[in-house]
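Student: Just dropping this structure here.
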Amino acid sequence: MSRPLIADIDLDALRRNYCLARDQAPHSRAIAVVKADAYGHGAVACADALRDLAPAFAVACLEEALTLREAGITQPIVLLEGFFDAAELSLIDAHRLWTAVHSDWQIDALLAYRPRQPIPTWLKLDSGMHRLGFAPEAFEARWQRLAAATEHVTDLHLMTHFATADALDAAYFRRQMACIASLRQRLEAPVCLANSPATLAWPEAHGDWNRPGVMLYGSDPLEGANDASRALEPVMTLRSEIIAVRELAEGEAVGYGGRWRASRPSRIGVVAGGYGDGYDRHARDGTPVLVEGQRVPLAGKVSMDMLTVDLTELPEAGIGSPVVLWGEGLPIDEVARHCDTISYTLMTGVLPRVPRRYRNAETG
């Protein structure tokens with residue numbers, strides 16, 4: 001019998017979340033973001049599940065794009081960080097990838113390269129994130145340079161990223177939007193602006209393309225949920241089982257450092273799954289875990305391969321009882337808050353030794 005820990009991936013839920021993102025912005029095209037192995041869900045399986053819905057995909061780098069091409073994904077694929085070396089341009093050209101451009105050296109390399117066909121290019125505007133891209137006062141000159149290079153560049157788009165769209169705090173977001181609107185009008189530029197939170201909460205940010213990412217996988221990216229974000233469905237359910245039960249007297253401690261101590265005679269369940277699988281070691285005592293569909297609290301520090309829960313109030317639970325660490329019935333965002341982290345970290349942190357089991361893989 002194999003270890004019971006498994007990441008159960010519901011591809012129908014992924015499709016429904018994508019359709020929700022698409023329906024939030026009916027006049028935009030929605031790029032499905034599948035970077036970081038589809039946020040830990042498996043990029044090939046997720047892209048294949050969306051191939052009849054998504055007109056394009058987005059990844060961080062060339063290696064991720066080539067993995068999709070080798071798996072038979074034929075839609076356009078955007079490299080969100082662009083290329084890291086001019087030598088990558090031959091593969092970008094050969095595989096008909098779209099590239100972001102955020103630095104002068106990339107522009108120089110792109111215009112020095114002789115492509116078989118002009119390369120679709122998305123020029124990154126730093127509208128306030130201050131991470132990648134050209135400042136507003138420098139953007140137009142770069143745009144004009146690329147727009148004139150029709151033998152090298154095609155489908156030139158303005159692309160940016162929002163720093164605070166998740167907070168529903170309008171002030172900084174609207175400053176970013178004002179910066180974008182001025183350039184967009186002067187350049188008559190097609191745009192890709194909205195990430196997941198902007199797709200869900202800021203219709204004015206919906207452009208020619210949107211980039212839903214974490215919302216596709218069922219995590220609510222908004223600090224304050226709205227009706228649309230509440231409709232998202234979990235795609236990954238991290239499942240396990242109780243593999244042992246311990247009876248503790250009052251005052252006995254559990255786990256490394258004895259952080260949790262029984263305040264009464266207690267039943268402790270041991271779950272297969274720990275930080276060596278991607279469950280966050282910083283989870284606090286009381287972090288919710290589902291056992292037999294009921295919430296029980298984490299009790300003690302998470303170990304590499306196991307964690308422990310207090311089963312005292314759930315006498316029917318025992319060895320073999322099903323466990324959900326996050327997913328169906330237990331939102332990953334709630335677990336993340338108990339770990340002082342975010343859902344992105346938990347999703348992408350599920351390690352390779354945890355098997356992925358895909359449900360509803362048929363497309364259509």
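Using N, Cα and C of the backbone, Cβ positions are placed for all residues, glycine too.
Keep in mind that this is a model prediction, so the values were computed, not measured.
According to Swiss-Prot, the protein carries these features:
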- Lys35: active site, proton acceptor (ACT_SITE)
- Lys35: N6-(pyridoxal phosphate)lysine (MOD_RES)
- Arg131, Met304: substrate binding site (BINDING)
- Tyr256: active site, proton acceptor (ACT_SITE)
Student: Which residues in the same chain, at least 6 apart in sequence, have a Cβ under 8 Å from the Cβ of Arg131 (substrate binding site)?
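Tutor: Counting only residues 6 or more apart in sequence, the Cβ neighbours of Arg131 (substrate binding site) under 8 Å are His161.
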Student: Residues with Cβ closer than 8 Å to the Cβ of Tyr256 (active site, proton acceptor), same chain and 6+ apart in sequence?
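Tutor: Gly300, Lys301, Ser303 - these are the non-local Cβ neighbours of Tyr256 (active site, proton acceptor), listed in sequence order.
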Student: Using all protein chains in view, find how many other C-beta atoms are within 10 Å of the C-beta of Lys35 (active site, proton acceptor).
Tutor: 20
Student: Write out the long-range same-chain contacts of Met304 (substrate binding site), meaning residues 6 or more apart in sequence whose Cβ is under 8 Å from its Cβ.
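Tutor: When sequence neighbours closer than 6 are ignored, Met304 (substrate binding site) has Gly274, Tyr275, Gly276 within Cβ distance under 8 Å.
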